[in-house]
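*Asks:* Pulled these from Swiss-Prot:
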- ASP8: active site, nucleophile (ACT_SITE)
- ASP10: active site, proton donor/acceptor (ACT_SITE)
- ASP8, ASP10, ASP170: Mg(2+) binding site (BINDING)
- ASP10, GLY46, VAL47, ARG49, SER116, LYS117, ASN118: beta-D-glucose 6-phosphate binding site (BINDING)
- ASP8: 4-aspartylphosphate (MOD_RES)
Amino acid sequence: MFKAVLFDLDGVITDTAEYHFRAWKALAEEIGINGVDRQFNEQLKGVSREDSLQKILDLADKKVSAEEFKELAKRKNDNYVKMIQDVSPADVYPGILQLLKDLRSNKIKIALASASKNGPFLLEKMNLTGYFDAIADPAEVAASKPAPDIFIAAAHAVGVAPSESIGLEDSQAGIQAIKDSGALPIGVGRPEDLGDDIVIVPDTSYYTLEFLKEVWLQKQK
């Protein structure tokens, strides 16, 4: 039986992914870069702020100084933070609150493994902080997703090996990170975006404790 569930935040617990997309698109247009559409945005999901900005700059072969890079990253985040001020418990995705309750009542550890530095703020806005045993700090890991560092850190933060954990993700980068950490990925989204070699559910209402147990047992066979 698995001992921990490691949650991504954007696109798994709530739809802050949409706010990230709008904030990146606005920033790109401000600096004269076109092409940050929904298709390109798939590359940014689950990726750190700095790595996302670099991908956008690379799109137009644009070079900026270290100081300007820092300012652009801050500008995007300031815009994003304004957008998420109104996030509330009503924004929690279907099934997630019940899953958190069931995991706690079954003494299964819960950790956040998000690239978002705003993770603690968002959990607080949605009244979910108390369900989490640990929040891995993205600023403390050496490499962002698709590197496995954040999932390894999240598992270790609750005293569990990644191989004894399930990771929940909605992005290609995140799924790769879970695989490389040694945890078992269960994706939410479309197989054409996430790959056909893992279990994928169409929406978060499928994330029940019973379903997670089922997938875990199948993978152990």
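Including glycine, each Cβ sits where the backbone N, Cα and C put it.
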*Asks:* Could you state the whole-number distance in Å separating the C-alpha atoms of VAL47 (beta-D-glucose 6-phosphate binding site) and ASP10 (active site, proton donor/acceptor)?
*Replies:* 11
*Asks:* Please report the three-state DSSP label of LYS117 (beta-D-glucose 6-phosphate binding site).
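*Replies:* Once the DSSP labels are grouped into three classes, LYS117 (beta-D-glucose 6-phosphate binding site) ends up as coil.
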*Asks:* Go through the binding-site residues GLY46, ARG49, ASP170 and tell me which ones have a CA within 10 A of the CA of ASP8 (active site, nucleophile).
*Replies:* GLY46, ASP170
*Asks:* Using C-alpha atoms only, work out the spacing between ASN118 (beta-D-glucose 6-phosphate binding site) and ASP10 (active site, proton donor/acceptor) and round it to an integer in Å.
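*Replies:* Here the two Cα atoms are 10 Å apart.
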*Asks:* Cβ neighbours within 10 Å, counted over all protein chains: which one of the recorded positions ASP8, ASP10, ASP170 has the most?
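*Replies:* In terms of Cβ crowding, the pick is ASP8.
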*Asks:* Out of ASP10, ARG49, LYS117, the recorded positions in the record, which is closest to ASP170 (Mg(2+) binding site) when you go by Cα distance?
*Replies:* ASP10
*Asks:* Compute the mean position of the Cβ atoms of ASP8, ASP10, ASP170, which form the recorded Mg(2+) site, and then list in sequence order the other residues of that chain whose Cβ is within 8 Å of it.
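*Replies:* Sorted by sequence, the hits are LEU9, GLY11, VAL12, ILE13, ALA17, LYS45, GLY46, SER114, GLU169, SER171, GLY174, VAL188.
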*Asks:* If one measures from the C-alpha of ARG49 (beta-D-glucose 6-phosphate binding site) to the C-alpha of the residue listed as 'active site, proton donor/acceptor', what distance in angstrom results, rounded to a whole number?
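*Replies:* A Cα-Cα distance of 13 Å.
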*Asks:* Same-chain residues six or more away whose CB lies under 8 A from the CB of SER116 (beta-D-glucose 6-phosphate binding site)?
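*Replies:* The list for SER116 (beta-D-glucose 6-phosphate binding site) reads LEU9, ASP10, THR16, LEU122, PRO138, given in order along the sequence.
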*Asks:* Report the same-chain neighbours of GLY46 (beta-D-glucose 6-phosphate binding site): residues 6+ apart in sequence with Cβ closer than 8 Å to its Cβ, ordered by sequence.
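*Replies:* Correct list: ASP8, ASP10, ALA115, LYS145, PRO146, GLU169, ASP170, SER171, GLN172, ALA173, GLY174, ALA177.
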*Asks:* Quick one: which residues besides ASP10, GLY46, VAL47, ARG49, SER116, LYS117, ASN118 have a Cβ within 8 Å of the beta-D-glucose 6-phosphate site's Cβ centroid, in sequence order?
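*Replies:* Here the non-site neighbours turn out to be LEU9, HIS20, SER48, SER52, SER114, ALA115, GLY119, PRO138.
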